[in-house]
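Asker: So TrEMBL lists these for the protein:
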TRANSMEM  B:128-150  transmembrane segment
TRANSMEM  B:198-217  transmembrane segment
TRANSMEM  B:289-313  transmembrane segment
TRANSMEM  B:333-356  transmembrane segment
TRANSMEM  B:377-392  transmembrane segment
DOMAIN    B:402-508  domain 'TMC'
TRANSMEM  B:412-432  transmembrane segment
TRANSMEM  B:469-489  transmembrane segment
TRANSMEM  B:510-535  transmembrane segment
TRANSMEM  B:584-603  transmembrane segment
Amino acid sequence: MGNKQTIFTSQQLDAYQDCTYFTRKEILRLFHRYRDLAPQLVPLDYTNQPEVRLPYELIGSMPELKDNPFRQRIAEVFSEDGEGNMTLDDFLDMFSVLSEMAPRDLKAYYAFKIYDFNNDDFICKSDLEKTLNKLTRNELTEDEVRMVCEKVIDEADLDNDGRLSLEDFQHMIVRAPDFLSTFHIRI
Amino acid sequence: MRRMSVFPQHGTALGLTANEIRQEVENNTSELVSDLVNLSARARFQAIRSLPVSFNERKTIRNRVNSVKLSKTMLPADCRQQVSRSFRKFRANLASARQRLVVWQDTLKEIGGRFGTSVLSYFLFLKWLLKFNLFSLVINFCFITIPQIVHAPNISNPTGFRGLELLTGVGYFNQTVLFYGGYNGEVIVSTLAYNMQLAYFFTISAYLVLCGVSLLYSMSRSFQNNFVLETGPVSGGAWRLLCSWDFSVVNEKAIQYNKNNLGIQLKESLSERLQEKNKMSLSDSIKRLSLHLLAWLLSLGLAIGSSAGIYFLGKEQLIFSFDHDPNDLKAEASTLLLPVVVSLINLIVPLLYSLISRMESYSNPRAQIYISIMRNVILKMSLLGILCFYWLNDVPNSTSSCWESFVGQSVYRLLIIDFIFCLLGIFFGEFLRNVIGTMWIQSLGVPEFDIARNVLDLIYAQTLAWIGIYYSPLLPVMQVLKLFIIFYLKKVSLSMNCQPPKHTGRAAQIQTVFIALLFFPSFVGTLAMVSFTVWRLRPSDQCGPFQGLNTPFYAIFNWIDSIHGYPESNWVWWIFENVLRSELFYYLITLIVLVITFFLWQITQGRKELIKTLREQIANEGKDKAFLLNKLQTIQKQRREMTSYRPQDFDQTPHFNPNWMNTLPMDM
């Protein structure tokens, strides 16, 4: 594309290219998507690295995320402040991990963090129950929810501590080859 | 992937001070940086990208790595770094340029957003087949057709263009470059002598070899990714809830639909667990087995019966040979009878198969899908097999002129009629079925998009296209047009008429099976047929590039003999005569491949053992970790309690043993 763009310095673009799975063109396109969410807040000149943080409500209203049952957790996991308010770096990072070029281990790590509702680095039974409630439309009774969660922990818990650690989760992911293509948001 | 240390999160729980935590983090980071510096440039950037840290930390680490690298460089290495950096920039530019060429990006995104990844896989498969055909079209056109057009042979008996040609391929198209007969094997004399025979042979064989290599590569990559070791605890369905939610679906209705499905599937898996696994009585299992046997007999009988019918129909059609009255439209239209019958069989018999499978009972739905795929594949391959047999056996001995063009025209007709039936299938199978299901018979519901059936149709059409390339070099034109039109029509029909399939489990494994099917019966069969034609059959005497030779392969023999005289190309002759033509070479190669396969199999067995041991070790380490953490916490508590005791209670406190490490059991 040449050096016609004035939004980023070329060092900034190089850093973005090295740290995410996107090419220059995609980074610029994603910047414009970010800016379209709030044109009055996001300046067109990022060369002096302004501190711009878009609130969660704007991020959650993107068409790619607005109906996703996990949109709040996704925004919380990728945002720096943990509340869902994202800077441009967080935004790029999020879509880079969710793109199709990210490797399975990286996606498994972030999927683990998304499903870990109480942020204690373990997926315990209450996390699983919350996940299940978000994924089904109140079709399962309380008992059924409890049984499903017990079954998951039975099957996946390798070190028998009653909750899933990151290794257990990754081991499960290895046995689910569909994961790489389903944990993927196109933008 | 680098495992991030647990200290920053759990440090405070273990009673470490903030300084200690910071020190540990700093140690980890410098270790990481020194590891990264030692990797090659490409591996380094892959590793940096896949670090599971926040973006700012990643940028810091990247900057540190770069500064360390910069400080280490001497002048020659600096040039090397410049070169590698410019090479990386070039590769990035190439990737972005390639993205501009990606066609249908938005359409695919929309389809994936509404229907999920399993339906998307059908369209991606279609796109992949399109690439094969485009490539074939380009090289055939450049290397064979253009030289032939430029030095056109004289066309005998030109007939006018009537509309029927588009369907039957005879008449006007007879002597054009569309078919084998339109080429001749002269050596075009220009600045470089261009031997049309060799060009024809080598272009087609190069294309087939490239196809084979690409298919093998895709198949092995797909197998490696999707068929991982299924050892370990028996996987139920419950953990799938964490792994199978399709994040790429963005349409609200589709998401609700997926939620419903997931709920239903979970309920089913729970009810299976709750049910007692009732032992089947002997008579029940015999009954089931005999039903299965009956179903298989019926399916195979149908397949064999249809193949025999096609064969006899084909033999009758041979009466209509090449030299006929061009104005006899009725006779010409009757050549369309065979393709129509084949397409009808392809349409009706799979429906019969699904009826048959309804009377059987399967233990799991996955077995049902695989068995139905296998039966359909047997049917299609037996049809194609019998057609190939008929083309290679009966046709060369009967028609007097240009049997290759006849075969090419038959393939052309089959492809066109298959396309028309596909269009009819979209109209009746999806549109009308949707109308019936929603307006008249409500219980039927909206039709599901049957991925397996559609992909098998694609594989069938692609097999035909590959078979036809030798006999009709420009056949990929039709296949490319056909795939384009089918893509758009299927997309429209999908959005208007269908709903996504309910059971989407194991989509990735079924993908691998489809690629394997494309390789094994389809491509290998084509290769066998073309090789047989080139190696054994006598080409027709009056048309085509190989006229007058015993077999087309004699063109190679003649060429090798002709370069035997020149000393500088003697090594080619030597390799051909003594290596490629001697049987010992092939025995040795086979032996070596078998030995290597045996070694690799042994390595795999050893690794399976290792995985089992490692799994046990993980379970043990988990127990150790829990034990040690508990111990540490009780000790912390004791230490805290000790400092807060009043002095007069001192001698009542339990004695803290500094050698608590030695009290651990020995077998840890």
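Quick reminder: no glycine exception, Cβ is built from N, Cα and C everywhere.
Unlike curated entries, TrEMBL annotations are predicted automatically.
These figures come from a predicted structure and were not determined experimentally.
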Asker: Could you tell me whether the transmembrane segment (B:198-217) and the transmembrane segment (B:412-432) have 3+ CB pairs under 8 A, leaving out pairs under 6 positions apart?
Answerer: no
Asker: Under 8 angstroms, Cβ to Cβ: which one of B:198-217, B:289-313, B:377-392, B:469-489 has the largest number of such pairs with the transmembrane segment (B:128-150)?
Answerer: B:469-489
Asker: Can you tell me which parts of the same chain pack against the transmembrane segment (B:377-392), counting only residues 6+ beyond its ends and a CB-CB cutoff under 8 A?
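Answerer: For the transmembrane segment (B:377-392), the sequence-distant neighbours (Cβ-Cβ under 8 Å, at least 6 residues beyond its ends) are 299-300, 302-304, 306-308, 310-311, 314-315, 342, 345-346, 349-350, 353, 407, 410, 414, 456, 459-460, 463-464, 467, 517, 521, 525, 529, 532-533, 537.
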Asker: Could you check whether the transmembrane segment (B:289-313) packs against the transmembrane segment (B:333-356) - three or more CB pairs closer than 8 Å, residues at least 6 apart in sequence?
Answerer: yes
Asker: List, by number or range, the same-chain residues at least 6 past the transmembrane segment (B:510-535) whose CB is under 8 A from its CB atoms?
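Answerer: Result: 121, 125, 201, 204, 208, 211-212, 215-216, 218-219, 222-223, 226-227, 369-370, 373, 377, 381, 384-385, 388, 392, 451-452, 455-456, 459, 462-463, 466-467, 469-470, 551-553.
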Asker: Treating G and I as helix alongside H, and B as strand alongside E, what does DSSP give for the domain 'TMC' (B:402-508) in helix, strand and coil?
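Answerer: DSSP composition of the domain 'TMC' (B:402-508): 84 helix, 2 strand, 21 coil.
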